[in-house]
Amino acid sequence: MRVPLSWLREYADLPDGVTGREVAEQLIRAGLEVETVEESDLTGPLVVGKVLTYENEPQKNGKTIRWCSLDIGKDEPQWVVCGAHNFEVGDLVVVVLPGAVLPGGFAISARKTYGHVSNGMICSSAELGLGDDGMHGIVVLEAGEATPGDDAIELLALRDDVLDIAVTPDRGYCLSIRGVAREAATAYGVELKDPADLALDGSGSGGYPVRVEDSEACSVFVTRTVTGIDAKALSPRWMQKRLLASGMRPISIGVDVTNYVMLELGQPIHGYDKGQLSGEIVVRRANAGEKLVTLDDQTRELDTEDLLITDDSGAIGVAGVMGGASTEISDATTDVVIEAAHFDPIVIARASRRHKLSSEASRRFEREVDPLLPRYAAQRVADLLAEYAGGTILPDETVVDTHPAPAPVNLRADHAARVAGAPITLEETVRHLESVGCTVEAAAADATAAPLAAGVHAPVLAAVGTTTVGTANVQADDLLTVTPPSWRPDLRDPNDFAEEAIRLFGFDNVPSILPAAPGGQGLTVSQKRRRRVATALVGAGLTEVVSYPFTGEADFDAMGLPADDNRRTTVKLVNPLSDEEPSMQTMLLATLLRTAERNVGRGATDLAIFQTGLVFLPKAETKPAPLPSVAHRPSDAEIQSLYDALPDQPLHIGVVLTGSLTPTGWWGKGRPAGWADAVQIGRVIASAVGAEPVVKNVELAPWHPGRCAEFSVDGKVVGHAGELHPKVCQAFGLPVRSSAVELDLDALIAAGPESIAAHPFSSYPVAKEDVALIVAADVAAADVQAALAEGAGELLESVRLFDVYTGEQIGEGKKSLAFALRFRAPDRTLKENEVADARQAAVQVAVDRFNAVQRVG
Amino acid sequence: MSGPNTDYDPVEVTPLHAEEVERTRDEALTAFTEAADLAALQEAKVTYLGDKSPIVLANREIGALPPQARKEAGQRIGAARKAINEGFTSRLAVLEAAHEEQLLATERVDVTLPWHTPQLGARHPLSLISEQVADVFTALGWDVAEGPEVEAEWLNFDALNFQPDHPARQMQDTFFVEPAGSGKVLRTHTSPVQARSMLTRKPPIYVICPGRVFRTDELDATHTPVFYQVEGLVVDEGITLAHLKGTLDHFVVSMFGEGLEARLRPNFFPFTEPSAEVDLLCFVCRGASVGNPDRPCRTCGSEGWIEWGGCGVVNPRVLQANGIDTDRYSGFAFGMGLERTLMFRNGVEDMRDMVEGDVRFSRQFGMEI
Ligand SMILES: [Zn+2]
């Protein structure tokens, strides 16, 4: 809502000399979101000029300029160059002279242009800061509106600050000068001249015939009729100027007046060309298949939920959203039927959404308009049409009004103090509620507080005092009966009224008290373990990144996922940002590889990045989530079905390594990051949370079929690590042999220990033995190691693979694995034969299990 | 040869003369002192302490002396040998030290050279700031609560008093999950975690909820469709707006420094009533830039206050929908955007830097913000 300060001043008696910025500050304190204050930086001289002569001078660039002489009230004419052509000799125009500054800081000086010295220029509406008036040229004043040499700044009220206010959904009444003026008057403690306080001259009956079929959706419908207007009359300049300053284009007197009244009062108005109406106006819901050509010349298919304004010809408007083209006011219109109605906010909101049509009218109706306004707004429109379009107002008036009176609410007299925890006195509470327009009475003896009234207990309430309401003396625990004003349908609950009292009391005046929580236990085990994983990876040189979780077929294809891969089964969005990425990620690598691609593309070819995030795994059977009542807590079964309807969303961790882990340097050749680094990072992640994964070779996209490690804990697969498939590297533009990890972090964390019991360790000497075993090439080293450990028995302290050898000496299809075994007893020095026996037992299990042959020498 | 020699007068045995012993001793000590390096010292050692050295040879002569003279000669020779030995070891220590020093000097390296083991990586600053917020509140005894990102519409909206056709619900620019009408959305705020907390915990509830949220905004310098929020919720007996202010003041000081405070401006949120915007006193200029064109402040745009988030007293309708007894309990809630916090706290100028995953963005922070 754009509010010119001059318009505000008309209804709120603001102190002389206050600026837009000062008013904005007061309004912000009162809870209005003033986003910007446009302060005019215009300075003169800016005068009215009369065109004496002009020459059309075609230029080489194809333009034709005019070399004009102007009477600006001085002895000598003023000579200027002008690019516009929408004026004639004798017209009054606005001339800015050298030394002036136009809005936007444009300083004007005499300058040489197109072969002349132009001593200033003739101004357009936009140049004057009035916005685009649609004239495609300069401003031409009405003949006789001014005399040459007059100060145009004063004439056009050009120096006017404009406040731009973002109106929150509960403050629909502030979508009007009337509402903002009320807030400004309250803030300054000055009188409000209510613009709706008009003399009604309608008879209350006999107006254009109207039948409302759905009085829930349309509770008020008022019409007035004005005959014999000159539809071609121009709206007065002050009205045009205010419309422009408020962000609306002047169009014609008929349209401008309805817009003006809407801005001033907040009541949307629709004007019909009476000559185009046929028969009774009926307000009803649309029939199936009905259509309407709206004012924007679009043919709209109507929904049976749409509320329509109709006549004998069918639909002539979607109520509260947009009128129809057939009954629009045109240049030929002489008689106008003015409609001012009250529509249900939800009906309008839905229609506006359905037709993707957000109009100035619908924005107001959606936030609910004062139901008492229609008669006054229609009167105001009629008055303005009579005055500026030469019309005659018929006393006949249609008034359909079934709107219920605002419901009174009972609340404790000290409710505001209790909610705030501040000593807001009862006297202040009552005064503030009255200043927002509420009627406050002492409640009847048998009244009970409205639901939701109790529950807030301030520690200090002794200061609220007592007060007198009417003739009653009111104490803190007495009830008040408060009736909200017609323009505040948002005031329904005790807390709504408390808010009004507290904001006028001043949020700044509420004390600051840190509440004492009961003792907590800090982060959960899972939260702590996540931090440890991140710290460990950073210690290993990895950098954390974030990526959007959106993905699509292109990513799955690039990762080489088979057509039937269940990771292609996704949670999809109805309205994704991009049609190419309609899915939520089922694996982090889908999006992390794109992030890697972006980094590599920006020159970071040696990359070690990680990311944690949820993945979204659809359940086998997807059910819609219910929408239980909000009147009370849903049942446990309902809550469970809310949770059950959602996809599984485990937390994953992903890693991508590209290029070198060690760069080439003065120490020697660099070392590329490879499959083993990825697997090792998987192990680091697991050990950071205390999990002990089992690792084995598997084939799985997007990894290299021979270089993919599957991680599992307690028999459950928790992820994979290894080198990426060459085609995947190519598809994502990554260096060859890039590698990646993806693990289910939740599952790993859950596999960590609850607590760790300490083991004693021996101080007797260690006995070291090396064993080299020749096995088939496809036997996993980890399995051989496990066999040795199993066979070696209790005396084994550790076993470690230290060499892998393949070559002619041991034959094709075989490999030699060398292990270092350490033996130690807790209670004695081991004898040579004990060690030899244990070693032999270890080897024997490997021999039995893998046909291993001991390599000698 | 060790038997007494009767051929000459023992008194006349020259090597055992006192002057001769002293001369030999002094000669040896001089030779040691003059030895310039370990090799020269070793040579002098052979000369003055070796098998053929005068002092060793003199010692052998003692046996030839008459018994009555042996004692005195033995003492004289012993003292001289001791002095020569000491002279040697002290010189040896000096030369060894000099030798080592020289050797170490040749091993000097350029310690500014880089090395090949990885540098420390970096956390993403959004993670760091989330953790910092969590730490501030866990220190107060609060819990850190979490929830899913694909969320039930009821928990995201209805349970929080966002009515189906209310403009506030439309303003949230929601991503809906297929099929249309599934009742599932990408959460538009972390508030459903608050609803979950109320549904699963019993008061007193003190929770802080950091998390990722989604709105259908296009990415530009100040908007992103995927962003991070942190929200706090308290439900307890006797909770008032004053407690909200106290909590926000503490939060502001913890994140931005001593002497700072929060300011509340009335606003509207369906979840809370009364509702307010949270502003924080500019931590750079502390308001000194207001009306002071000579000292403009980029952080607050010379407004003195920085818009930080929203807050309010939990609307009793919300408590009711989530099964909290409104006769006994009241609550407050607040929420902030973490990207925005980073933007003004750490001078990040473009939202895109925070969401594109460029490692250079994270790396400039390391493990601290
Ligand atoms: Zn500042």
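In case you wondered, yes, glycine gets a Cβ from its N, Cα and C as well.
According to TrEMBL, the protein has these features:
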type    : residues                               : note
BINDING : A:ASP490, A:ASP496, A:GLU499, A:GLU500 : Mg(2+) binding site
DOMAIN  : A:40-153                               : domain 'TRNA-binding'
DOMAIN  : A:404-512                              : domain 'B5'
DOMAIN  : A:762-855                              : domain 'FDX-ACB'
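Sequence-distant neighbours of A:GLU500 (Mg(2+) binding site): residues of the same chain at least 6 apart with a C-beta under 8 Å from its C-beta are A:HIS432, A:LEU433, A:VAL436, A:CYS438, A:LEU491. All chains included, 28 other C-beta atoms sit within 10 angstroms of the C-beta of A:GLU499 (Mg(2+) binding site). Around A:ASP496 (Mg(2+) binding site), the same-chain residues six or more apart in sequence whose CB sits under 8 Å from its CB are A:ASP490, listed in sequence order.
Around the Cβ of A:ASP490 (Mg(2+) binding site), 20 further Cβ atoms fall within 10 Å across all displayed protein chains. Remark: secondary structure over the domain 'TRNA-binding' (A:40-153) totals 2 helix, 49 strand, 63 coil, with classes taken from DSSP. As a summary of secondary structure, the domain 'B5' (A:404-512) carries 34 helix, 19 strand, 56 coil according to DSSP.
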